Amino acid sequence: MNLHPALIIPELFQFLLILALFLQSMGDGAKGPRPGRWVPLFAALGIVAAVAGFPARGLLFHDVYQVDALSQFFKLAIAIGFFVTVSNASRQPTLPENKRSDYFLFLALSAEGLMLLSSSTELFTLYLALELSSYSLYTVISLRARDKGAAEAGIKYILFGAVATALALYGLSYVLAGQHTTYIAELTGKSWTWANSPQAVIGLALFLGGMFYKLALFPFHFWCPDVYQGTSNETATFAATLPKLGAVVVLVRLSAFLTPGLEITTLLAWLGAISMTLGNLSALAQKDVKRILGFSSVAHAGYVMVGLVSGTAEGMAAAAFYALAYVAMNLLAFWVVSRVASDGRNLKLDDLNGLYKRAPVLAFALAVGAFALVGLPPSVGFIGKLFLITSAWNHGYNWLVITLAVNSAFAIYYYLSLVRHAYTEETVAAGSAEPDTSAFSLVGAGILSAVVLILGLLPSPVFDLAIAAGQGVIR
Amino acid sequence: MVFPFPVLSSLIVLPLLAAAALFFIKGDGLVRKFTLAASLLEIVLALPLTAFRMGADFQFVERLSWVPQWGLQYYLAVDGISILMVWLTLATLPLCVLCSWTGIAKRTKEFHFCLLVMTSACIGVFTAMDLVLFYVFWEAMLIPMYLLIAVWGGDQRRYASIKFFLYTLAGSTLLLVAIVAFRIEGGTFSIPELMQRTFGFRFQILCFLAMALAFAIKVPMFPFHTWLPAAHVQAPAAGSVILAAILLKMGTYGFLRFCLPLTPAASEYFAPMMIVVSVASILYGGAVALGQSDIKKLVAYSSVGHMGFVTLGIFLFNQRGVEGALFQMLNHGVVTGGLFMMIGAVYERSHSREIKKILGLGKYMPAFMFFWGLFSLASFGFPATNGFVGEILVFVGAFQHSLLVGLLLVPGALLSTAYMFRVGLKLAWGQPSAAKEWSDLSPREWLFLVVPAVMVFYIGLAPSLFFQMITPSVDKLLADYDQRRVAVLDHVPANALAGLAGAVAPATKN
């Protein structure tokens, strides 16, 4: 085993950032440059580091840590997502100045955990990386100035997370007992039918529970709308996007042995179907924008399953691409939410009234985000969905594909109500905060909208990377 | 034929560029003039299309790889069926700008933005030869249309716009699944190539149902029509015109472009059902139109009836029927578009759509009544107007098909005469006259009414140009249909449909 630093450039860079933030947080927070200023710049360099580390390939630490196309694809996505989320959080109105360095420290730690997660190819390593990313998030969820809802959200997130990870650990012991290994590469060769190894199947199902919790897939989704609603808009932006990337990368790795027809695969398909339907139907009744986006996350977690259960490299690639699309769309939607709620409040649908007049660029960006989340062309949401459907058709789960398609029709109503309030309601609700229309806000919205549209029109280059990642898992 | 200049792409791109340019233009008047100029430039750009050779082959082909990993192509072309629709779309845009010149007072820039984007998407729908590209335009068109109704519509615009969006989107979700299924089964998304493939009977049945739902909602066919009156009544005049002239045609275009060529055996299998539903649409639309007191609703329901003639003609599978259907598509666009523009014009004077509030225009607005009468005559198919040509062809086709279907059409035609006469009488001579203070048509209104009026006579008196355009394509469509339908039906086991319920998840059995 040779530990070559060139193999872990993105992780090392992120570690440097963590170190710097740690040092700053030792003081009273008033000294030194303000984290809101320098962390986004540093995170931008992190993207460069991730690009530099992109071609790296290798196995580390007794083969528990694999640097391959899949992991580097996701690390790049995490680095970009991290940059956007910290930029978004840089002007957080509900965060006291003296807690900022701690706040960014934990966000950076969580992102580091996710980066480690995307390279883990052994279940214990995977578990540890998962815990690193989760624990850091537990702390930041409740960091919202004197807000009881945030405290409640934090507690809910911890309790849920504790139960889910306990289940995962328990499942892990069953897998180890049943298959006598925790290396994914070796697990792939084992039999995963119920008839041959029931213990391992139960164990795997429980272990997946830990991922479902991150992904907010039914039945581990209950925290999702509550936490989004309780925590600050900026923290919700992080919680809604990056952890899902981590969960998807693990599921893609595990999918190597989730071939169609297995009981566990069918279970995934069912959970996906229930999740998308339940998420969309629940979102219909919501009035709080973040709760809508929370249930929308639940639905999108279900969509990703469509690619995962197909058991083909295309399916894995489609799932990875869709995870990316999901993150792009949600970053856009949450960016608008954070900017419109310039005083850090929770947005109700009525708060969006007349947004087209008050902040035309933000209104347009919101419309792009909403229509992309529905899956309307020409956005990345549509093309991602098309890839999912195409990869999964005729691999045994056609009913799931049809469920996915029909779900777009359920979903349109609540996404449309975002646009409807922003564009057709004229009466501005009393006491609405003035949206932030600074250049920072508008440029961010413009760039993210452009990404959502351009990835939808010209998906080939990015999809090439995704397919390389998918082929690394399934040959 | 590969034309040296990408004509079709430029027709799609120009409106988008113009829409983007609108952001840099200040002043409502200038916005209107600019959009009008862009729409005229669009027609000039389309002039190379007059080089269309009268034949059945796909022309003005543009083909580029789009997403090679999944075989998506940027593939545009026109044939005799689609070129008429392209011209109709092109001609509609300037009329829409003109007829909303004074009617649209708020958010003018956004309004014209929506019109331009809409036009681009419509051209895309009619020229896309790749299934996914088609779907992209098909769905993209929903957003500007939604906004047209939701922002500039009447009092119940919210209800109407959401209903429109929900209905049409719900219909097209399964269309996407069918598209993917064609790709997996046929190996390509390219429509002309898929037309060469022969699919299994059961596969055809399922795909036909998925596609027919989307198209039937769009047409709309009874009983999926309920979104149409709401949308038409609430939409602004230009929105109604686009809805009537172009959007509804997409449904019937879909039947012609996809159902007949790709699933011929299933089309034949379901033809009796489609004929029954079409006749029901004709009779129901006509009967309900007769009872309306709201003039816009009346024309909306008459659309249901007229579009019933189109779907009927398509599913007769004979030369007369399909040609008649294509003519009816064109005619309905011209005539109903004209009627909606007139309703818009009268609404600007009366601020009411109630027939009893706009009685007796004849004495004070003779020019208006002239156009109204003309479009009414064309609407119920009076000889020498364009309506006659389409309707008589469908009639002949229907009688060729069966005496019963032919006879059922007679009350349908009578109904359309009755409701157009009823409202025409009230408008011309109803008392007390509401029109004393109203001015007759302005030059601008003359301008946008003369265009469809000329078309009424042109198609009515000299339809041969249009026949030359469509006949080769219709011939080929029907010949292919006959040949490929037989190829499949010969091999269908007698109990092929017994397991239809189980067919929804064929692959889960392995």
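Quick reminder: no glycine exception, Cβ is built from N, Cα and C everywhere.
Values in this document were obtained by computation on a predicted structure and should not be read as measured data.
What TrEMBL says about this protein:
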DOMAIN    A:120-409  domain 'NADH:quinone oxidoreductase/Mrp antiporter transmembrane'
TRANSMEM  A:6-26  transmembrane segment
TRANSMEM  A:38-60  transmembrane segment
TRANSMEM  A:72-89  transmembrane segment
TRANSMEM  A:124-145  transmembrane segment
TRANSMEM  A:157-177  transmembrane segment
TRANSMEM  A:200-224  transmembrane segment
TRANSMEM  A:236-258  transmembrane segment
TRANSMEM  A:264-285  transmembrane segment
TRANSMEM  A:292-313  transmembrane segment
TRANSMEM  A:359-376  transmembrane segment
TRANSMEM  A:396-416  transmembrane segment
TRANSMEM  A:437-458  transmembrane segment
Segment proximity, the transmembrane segment (A:124-145) to the transmembrane segment (A:396-416), 3 or more C-beta pairs under 8 Å: no
Winner by Cβ pairs under 8 Å against the transmembrane segment (A:72-89), considering only A:38-60, A:236-258, A:292-313: A:38-60
Chain residues in Cβ proximity to the transmembrane segment (A:292-313) (below 8 Å; excluding those fewer than six residues from its ends, i.e. six or more beyond): 212, 215-218, 221, 224-229, 236, 240, 244, 248, 251-252, 255, 258-260, 265-266, 268-269, 271-280, 282-283, 286, 319-320, 322-323, 326, 330, 333-334, 337, 349, 373, 385, 387-389, 391-392, 395-397, 400-401, 404, 407, 411, 414-415, 418, 467, 470-471, 473-475
Segment proximity, the transmembrane segment (A:38-60) to the transmembrane segment (A:124-145), 3 or more C-beta pairs under 8 Å: no
Candidates A:6-26, A:38-60, A:157-177, A:264-285, A:437-458; stretch with most C-beta pairs under 8 Å toward the transmembrane segment (A:359-376): A:437-458
Long-range neighbours of the transmembrane segment (A:157-177), counting only residues six or more past its ends (CB under 8 A): 123-124, 127, 130-131, 134, 137-138, 141, 187, 199-200, 202-213, 220, 222-223, 227
